[in-house]
Amino acid sequence: MSEIKKIAVLTSGGDAPGMNSAIRAVVFSAARFGIEVVGIFRGYEGLIDWETIKLEPDDVRNINNRGGTILYTSRSERFLDEKFRKQAADNLRKNNVDAVVAIGGDGTLRGAIDFEKEGINIACIPGTIDRDVSCSEYTLGFDTAANTATEAIDKIRDSSISHGRCSVVEVMGRKRGYIALWAGMATSADAIILPEKWDGNYNNVTDAIKRRHEDGRNSYLVVVAEGVTDANELADLIKKKTGIESRVSVLGYIQRGGQPSAKDRMYGSLMGAYAVEILVNGNKNRIVAIKDDKLIDYSINEALNIQNSQIDSFQYKLSLLLSD
């Protein structure tokens, strides 16, 4: 067992539903072991400037249902500079912090590996709606984001049916297409465009819409992941090649907000508690992950070396079948 008396917890990068559940579980679990918790505002930026708050169970008891993060977040450019990383590490040492729990996505992990070089013990929790942390089959926020996108697309489709239009809906995901895949399948999209599978062939999309039009359909839905292609150009091309009026809806940051789903609250709680147990058991510089629906952990170095840029093949093939 490790002699940890004080830990810091922070959220970094893009906010994700479920982060507050993880913070809550960290505080409650630490209290069980008699460990003091200090919350760091604005992620790694707050470590540099030492913007903190003491957190006790009563402070976080009722945050489980809240979206976003009570500790705020940021993407710290300064943390890329060794000088500021040393300043952050010195702040932790001066304030007798024995370890850090960092909640965030890929950038947070890469920051952690640099922080490890400063002699700081850190445990990471994958929190990003993009579901793009390769070592984990799930990341906090994805379920809520996919549900939010699905609900929004259902409403857009109602209007599309009323007007006999094609709706092109852009969802978040950065370089991963899971939100587009899940929301597209859930809303019976006629075409789903994913970064992992996109070959630049617009004809596949326009031909699919033409076939449905010839079969008597009067409304159409295309779901596209951000960054794959220009949604407005795609809508213009659909109108040009099919004659069907096409409108673009970019869902944007609505996908990051809102009350977390039960799944994100549960996984946030499990991951937060597990991160504290990792530290208490004397393990250093680890990341919590989900594999086969079970909690596991990797060294941060090992986690960053795991490459998995492909979408689930069965899910993708099923999406093609269901949209045919």
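In case you wondered, yes, glycine gets a Cβ from its N, Cα and C as well.
Unlike curated entries, TrEMBL annotations are predicted automatically.
There are 25 other Cβ atoms within 10 Å of the Cβ belonging to Asp130 (active site, proton acceptor). Asp130 (active site, proton acceptor) falls within neither a helix nor a strand when secondary structure is assigned with DSSP, and so counts as coil. The active site, proton acceptor annotation in TrEMBL covers Asp130.
Summarising the annotation, TrEMBL assigns ATP binding site to Gly14, Arg75, Ser76, Gly105, Asp106, Gly107, Thr108. In three-state terms derived from DSSP, Thr108 (ATP binding site) belongs to a helical segment. Sequence-distant neighbours of Thr108 (ATP binding site) (same chain, 6+ apart, CB under 8 A from its CB) are Ser12, Gly13, Gly43, Ala102, Cys124, Gly127.
Residues annotated as Mg(2+) binding site in TrEMBL: Asp106. Taking a C-beta cut-off of under 8 angstroms and a sequence separation of 6 or more, Asp106 (ATP binding site) has the following same-chain neighbours: Gly13, Thr128, Asp132, Val133.
What TrEMBL records for Thr128, Ile129, Asp130, Arg165, Met172, Gly173, Arg174, Glu226, Arg247, Tyr253, Ile254, Gln255, Arg256 is substrate binding site. Using a 10 Å Cβ-Cβ cutoff, Ile254 (substrate binding site) registers 15 neighbours.
Taking Cβ-Cβ distances under 8 Å and a sequence separation of 6 or more, the neighbours of Arg157 (ADP binding site) in its chain are Ser167, Thr187, Ser219, Leu221. According to TrEMBL, the feature ADP binding site maps to Arg157.
Positions annotated as domain 'Phosphofructokinase' by TrEMBL: 6-279.
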Using DSSP with the three-state reduction, classify Ile254 (substrate binding site) as helix, strand or coil.
helix
Site extent for ATP (largest Cα pair distance over Gly14, Arg75, Ser76, Gly105, Asp106, Gly107, Thr108, Å):
13
All-chain count of other Cβ atoms within 10 Å of Arg256 (substrate binding site):
19
Translate the DSSP assignment of Ser76 (ATP binding site) into the three-state scheme.
coil
